[in-house]
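Worksheet: the structure to be examined is printed underneath.
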Amino acid sequence: MALTQIELVSGIFSLVFISIAIIIGLLIISKYFKYKKNILLLVGFVWIIMSEVWWSSSFSFIVTLSTGIVLTDETYFFIGNLFVPLGILLWMKAFTDLKYKDKQKIILIIFAVICTLYYVTFIPIIFIDVSVIGEMRSAVDGNYTPIALVFLLTGLFTFVISGLIFARESLKSRNWEIKIKGKFLILAFVMFGIGAGLDGLKPYFISPTFLDVVLVIDRVILIFSAFSFYCGFILPKFIKELFSKED
């Protein structure tokens, strides 16, 4: 199957975002070995896993481009959803290490139960009746049904909202570097939320052409989100110097 021009563009941007997300996640993880801070290990893995929703688009793009074969609906939605609950659970561990430490145990138990329910219901449904979850709209992209979308976006926005709570605390610091990191984190989580929201609204865009344009914009927003996330945890030297000059 030949890809259309917009499918090529959308697929390329998805692949670029995933590649950048994985690289940034690995860079954050690598800093753990230097600073020995568990939070770096956790957030590195979290960022890689939270980008999983877009793995299916990238993988579908590569497979279709190289073989002409389009992924089945089951394969597409399985690839894009397998690790998301684990990513959210790891993030809540990282989040409660930094804030609400006294409530960490109960928070993690609640999310562990939710993750278990997800794995015993959501994942099996993909192979029992995938139409309950969604369907492919093109060779490189799929649409979620409302019930699946609510479930998925609830998880993603839990990540976003808790991230904003953490970032807001950073803005209260007297240390200018921590404040700058907090601003980048706010930018990262807001853009990630916008990206997830736009992706979730795909079934409700009437014009296919307009939708394809939105998807490209969505991927660009996510790319900037990934870079901002990195700056929020590992402020690059050139960014640090840039802001120090402004001060």
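Positions of Cβ are set from backbone N, Cα and C atoms, glycine also.
Curation does not apply to TrEMBL; its annotations are automatic.
Pulled from TrEMBL, these are the features on record:
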| type | residues | note |
| --- | --- | --- |
| TRANSMEM | 12-33 | transmembrane segment |
| TRANSMEM | 40-63 | transmembrane segment |
| TRANSMEM | 75-94 | transmembrane segment |
| TRANSMEM | 106-127 | transmembrane segment |
| TRANSMEM | 147-168 | transmembrane segment |
| TRANSMEM | 180-198 | transmembrane segment |
| TRANSMEM | 210-235 | transmembrane segment |
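Highest Cβ contact count with the transmembrane segment (75-94) among the listed stretches 12-33, 106-127, 147-168, 180-198 falls to 106-127 (criterion: pairs under 8 Å).
Counting only same-chain residues 6+ beyond the ends of the transmembrane segment (12-33), those with a CB under 8 A from a CB of the stretch are 40-41, 43-48, 51, 54-55, 57-58, 61-62, 140, 215-216, 219-220, 222-223, 226-227, 229-230, 233-234.
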